[in-house]
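S.K.: One structure, pasted below without further comment.
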């Protein structure tokens with residue numbers, strides 16, 4: 001009998017820590033998903049069993065648990081797999097790996113307990129500040145400390161992967177960086193660069209303010225520092241999904257990655273462009289001049305390029321697999337793909353939804369069209385396609401491949417897995433299209449009761465009741481899908497029996513390998529330097545102008561009168577604003 | 001390169017996850033189906049952009065007002 005060669009056989013110690021990490025991720029998904037259902041039913045007035053005053057507590061927990069805890073725990077688990085597998089060596093010191101995981105857990109608990117304080121009277125804390133924690137919303141210091149600890153944990157995780165790579169490089173001085181490691185390292189580089197923003201926002205301003213050391217903060221400054229980190233974080237969610245699409249989907253399709261060099265170019269573009277775009281979340285912030293917003297928009301439009309490159313490369317790799325499996329014709333090769341495999345189908349559907357999310361993202365990115373959808377339910381519809389499907393569905397689907405690798409056990413019920421991923425796709429189709437449409441007629445996001453007296457929304461097509469019904473139905477299907485997923489994972493882990501039929505721990509081969517990529521592509525120092533320069537160009541003048549206008553610690557928020565006529569004194573003030 | 005890269009049917013690490021019936025190398029493979037799908041996506045985007053014109057510019061009043069000075073942040 002052939003020796004089994006799953007991840008757990010190759011790296012038993014690392015498999016243990018990754019299992020713990022993925023379970024933390026799944027727990028966050030289960031709680032966060034349940035809270036999503038509560039919100040969906042509450043907003044649409046289908047079922048209201050929490051007071052509307054508690055809506056922000058639930059919304060904060062939903063956001064933080066899903067977009068920070070679930071996604072980032074999954075990322076650090078998968079990146080640890082990617083680095084160790086592709087370098088074919090374990091981490092340098094497994095205690096260090098457990099160490100950063102413990103720091104991330106402590107951070108999560110602090111954040112979680114402080115948010116829970118919003119609904120539990122026995123906990124003397126409060127952190128109803130939503131995932132963006134804009135001032136003047138103020139959270140208990142434990143929230144900020146927990147957030148910082150969590151981020152520091154990810155920094156140490158990155159260090160863990162870098163030093164594993166350095167050790168590998170010493171032994172293999174002339175080899176190209178294996179693709180999965182290249183992806184993990186470039187992702188971490190923009191993460192280091194961008195999380196400096198949120199670190200400054202919290203450590204210099206929000207935490208001292210929450211502790212009473214300083215009296216006030218400049219809300220626009222902390223917002224801008226948040227989005228300095230807040231847009232790159234969306235790529236931080238997405239990059240593990242991209243890595244899985246590039247390294248696993250071709251293999252699951254039965255083919256090879258179309259182009260390794262193109263995949264590297266994509267990750268280099270994300271490293272360069274992820275950070276200098278954050279201001280596109282602030283198109284409606286009055287304290288930032290239109291010109292700076294225009295720069296952010298230009299960078300953002302360039303950022304579409306790597307995603308469009310990915311669409312081509314990944315689909316071409318799937319087509320390669322389909323044709324190797326006997327697929328023929330212009331489009332009938334699609335039928336030759338392994339649609340019964342939940343890992344394949346989940347990831348493919350996630351990619352399909354991301355194509356739709358790409359369109360609504362282009363709308364968000366446009367400076368003038370953004371005004372139409374800003375702060376509306378459209379935006380919520382958009383990010384449920386991106387982080388809520390491209391990332392979340394990919395992660396769940398990939399788990400049908402990874403959990404057997406990490407436990408040595410077969411999935412408890414693969415057919416149920418297939419039902420689960422398809423259910424997610426259907427649920428999200430209902431929920432997300434309804435949210436997008438609601439946004440178009442101005443229905444706001446982040447609102448417990450968007451039902452107003454003496455005012456009715458006027459949808460161009462359909463009715464508000466129909467849109468609400470779609471959202472409630474979608475939310476119910478999505479939550480059911482999460483429960484099916486977690487049931488399958490639990491029963492696989494505790495109930496399943498060890499199997500010798502687990503496939504080898506491999507990732508996709510390539511049609512065009514790294515030898516076809518110019519060596520400069522692997523020059524991480526060069527790309528990081530360019531990224532830093534772009535960040536300086538995009539952010540130095542806006543930040544100087546914000547500090548000049550509102551002060552480093554506020555509270556200089558003078559009443560501002562909108563004007564369409566150029567008032568000479570305002571012109572002078574603006575000139576002073578851009579030239580500190 | 002690392003040994004974890006999948007080698008395919010004739011390599012050292014065949015996978016039991018695929019039902020491969022033939023091997024297509026780089027020069028034999030022509031991703032025509034992908035080109036068609038990308039083309040369809042492009043047409044959908046164009047159609048949605050045209051639709052957006054009606055939603056944004058005909059459905060509402062103008063959202064950006066003022067002349068050059070407003071745009072460059074001087075007013």
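Here the Cβ of each residue, glycine as well, is placed from N, Cα and C on the backbone.
Predicted automatically and left uncurated, TrEMBL annotations should be read as such.
Among the features that TrEMBL reports, domain 'Cytochrome oxidase subunit I profile' is placed at A:22-494. The transmembrane segment annotation in TrEMBL covers A:20-41, A:61-84, A:96-120, A:140-162, A:182-206, A:226-249, A:261-281, A:301-322, A:343-363, A:383-403, A:471-491, A:526-547 (among others).
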S.K.: So what pLDDT does the domain 'Cytochrome oxidase subunit I profile' (A:22-494) average out to?
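M.R.: Value for the domain 'Cytochrome oxidase subunit I profile' (A:22-494), mean pLDDT as a whole number: 96.
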S.K.: Count, for each of A:226-249, A:261-281, A:301-322, A:526-547, the Cβ pairs lying under 8 Å from the transmembrane segment (A:383-403), and report the range with the highest count.
M.R.: A:226-249
S.K.: Quick one: find which recorded stretch in A:61-84, A:140-162, A:182-206, A:261-281, A:343-363 has the most Cβ pairs under 8 Å with the transmembrane segment (A:96-120).
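M.R.: Selected stretch: A:140-162, with the most Cβ pairs under 8 Å.
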S.K.: Do any residues of this chain, six or more beyond the ends of the transmembrane segment (A:226-249), have a C-beta under 8 angstroms from a C-beta of it, and if so which?
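M.R.: 67, 71-72, 74-75, 78-79, 82, 132-134, 179-180, 183-184, 187, 190-191, 193-198, 201, 257, 263, 266-267, 270, 274-275, 277-282, 310, 313-314, 317-318, 343-344, 347-348, 350-351, 383, 386-387, 390-391, 394-395, 398, 401, 507-508, 539.
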